[in-house]
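According to TrEMBL, the protein has these features:
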type     : residues  : note
TRANSMEM : B:36-63   : transmembrane segment
TRANSMEM : B:92-113  : transmembrane segment
TRANSMEM : B:120-142 : transmembrane segment
TRANSMEM : B:148-175 : transmembrane segment
TRANSMEM : B:187-211 : transmembrane segment
TRANSMEM : B:254-272 : transmembrane segment
TRANSMEM : B:293-309 : transmembrane segment
TRANSMEM : B:315-332 : transmembrane segment
TRANSMEM : B:344-363 : transmembrane segment
COMPBIAS : B:470-483 : compositional bias 'Basic and acidic residues'
REGION   : B:470-502 : region 'Disordered'
COMPBIAS : B:485-502 : compositional bias 'Low complexity'
Amino acid sequence: MRLPLIVAAACALVFSVSGCTRAPGYPTEEALRPQDQLDFHVLYSQNCSGCHGAKGQNGAAIDLANPEYQALVDDATMKKWIIGGMPGTEMSAFGASAGGMLTDTQINALVAGMRKEWSKPDVFGGQTPPQYAQDKAGDAAHGHAVYMTACASCHQQAKQQITDANYLALVSDQALRSIVIAGRPDIGHPDWRNDVPGKPLSAQDVTDVVTYLDSLRSQAEAK
Amino acid sequence: MRWVKQTYDWLEHRLQLEGPVKDAALHPVPRNTASWWYVFGSAAFTLLFLQIATGILLAIVYVPSAGQAWNSLNILNHQLELGWFLRAMHGWGSNFMVAIVLIHMAQVFMFGAYKFPRELTWILGVFLLLMTLGMAFTGQVLRFDQDAYWGLGIGASIMSRVPVIGGSLVHLLLGGPTIAGATLSRFFALHVFVIPGAMLVFAGLHVWMVLKLGVNEWPMPGRIVKRATYEKEYHDLSHKDGVPFVPVALWKDAVFSGAVIAAVAICAFVFGPYGPGGQPDPTIIQTVPKPDFFFLWIYAALAYLPPALETPFILIVPVIGIAVLLALPFYASEGEKSWHRRPVAVLTLVSVAVGWGVLTHLATYTPWSPHMDAWSSDPVPGKNLHNATPLVREGAVVFQGKQCRNCHSIGGAGGERGPALDAVATRLTRDQLIFKVEFGGGNMPAYGKNLSPPEVEALVSFLETLHPEHEAPATDPSRKEVQDAAAMAGAAPATGAPSGAK
């Protein structure tokens, strides 16, 4: 008769000491309506990690965890791409106003979360990067020259072909420009300062090299 | 202590229960029925009372209204001391009850206990099983969350397929044409009054007959049941080689019932209550509703049936199934009880159990349903992007963006509707991949019109990289021959003709 009593006492003790809220079976928080979910990590892992990678890097699409990219893109632009998708790329529209599932509040939470997780102060070390958006026309011929000195050493290898017409058809000029300026540290692509070590590309160089790549597109279409 | 005796005598003088109770407790049962195989019925009976006790406590807090049921469950979970544990006991008690009732039924079937004179005991048992399942379903509805809401919708659409009176049945079930306030009140009345009331009456009669007709003797090969002689043989058996029911047989029942209650409590403590899941709101479409465990097999069977067979299956199979169960004791009321001499019975039970197990297993991971958020949530595994060319990376983006991932998994994540693509390049050549993407085939839809040529090119380049490291991708031998021939043709003039010629 002793044993059951001891077991019962032990159970009661465990119950009272651990507290019922710390029992393994204690229920999780009540389920939210999907549009009330504002936790950045949940939102990111449900909506973004498929293409941009589990922690904002090593995904198929651009690495959002790159602090230079975070510094380059302002909130309004980031929101615009999330809500309506990015024209000329595979980035889809996620905003409810554009047929997606996310409310404005949720998109604000996503942007704020990315800033909090992945922004770093003074990431450009006092230097001013070329503007995010292209502001004047470029020169394809000069762009080709820049390409040959700054890009070709890597991109002429078969494994890194970006002059392929199919590739260029799937990325927008803006997407190319973002990578040229901010780089993709997760796959070893340098930023605009380090394409040629010690000799940062000028704003005009960046515009021209993107113009050159764009000219390859129209050549391919002409064919 | 004299007053205790006096009170007892006063009551006994009026109630006169002592005699019948003593008779019931001390009646002799065949010695080898005092076995651990005979404990499931009493355990089911114990669980019924656990469910009643926990159910009454839940009913004190639960609000059976469509607007407030979900909130009252969350109050139980989070605001009332041990409210969650009470819900968990009731939920796990329900699981155990269905399981124990099924085991009890299988055991009775295997031991031939439904034969003469216990036919009616079996028939009441069949109704008790149906009522237990009815309690499980109505209970799932009272846990008014997304699973309940959509489960109810499926229940209603099953009802609506009954010819002629289908519409009226749905109206009766839901208390109107849609799931609304009246629906929950109706299920509350069913779950709390109608079915439990009927269950108590049926279970009472069931136990009464066990006491009156005696516990089924342990089946022996060759001991044939005959209507004319069985009752005398049983009487002899229980009186010549019998033991009193209390305490020789009952202590095992008591120990097992206690163990089952302890198991329910442990499961409740460790795994916690069921839900409630998301709010029962039909405007929330981000939901993957699933029935509770014991109805998963129906879910799987319906998913795998061709559409033309659904209605006949839904309407005819249950009727046949129940009719067979009810007819069993009349069809086989005499004869062998021992499973050693009843191969058909053994095979039937094994087939039903295996079929049930397989369907339940399938329904736990629903390979027929796409994972609707895989495209945006499951990252492409790093090894598939390591050293990838820019075009292959874009192909991976197309793969995600066009939602291929919802049906096809890579690295174990993604849908299971279509085959996993981790080694697709070893199965299909480049041309076959292009053909499959463009034109579909089998269950796969054609995506030719939804993809631009560069998208197809990128996607196929990505798919071509999906092969294990040690296994080469599939190639088309004719392609190599053409390439070789072209190389030969190209090489010939280079050696034979002057180098300037071009």
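Backbone N, Cα and C define each Cβ position, glycine as well.
Using the rule of three or more Cβ pairs under 8 Å, pairs at least 6 apart in sequence, the transmembrane segment (B:344-363) is in contact with the transmembrane segment (B:293-309). When the compositional bias 'Basic and acidic residues' (B:470-483) is classified with DSSP, helix, strand and coil residues number 7 helix, 0 strand, 7 coil.
At the 8 Å Cβ cutoff, the transmembrane segment (B:36-63) and the transmembrane segment (B:187-211) share at least 3 close pairs (sequence separation 6 or more) and count as touching. Here the transmembrane segment (B:120-142) has Cβ contacts under 8 Å with residues 51, 62, 64, 69, 90, 94, 97-98, 101-102, 104-105, 108, 113-114, 148, 151-152, 155, 184, 187-188, 190-191, 195-196, 198-199, 202-203, 205-206, 209-210, 213, 291-292, 294-295, 322, 325-326, 328-329 of the same chain, all six or more residues outside its ends.
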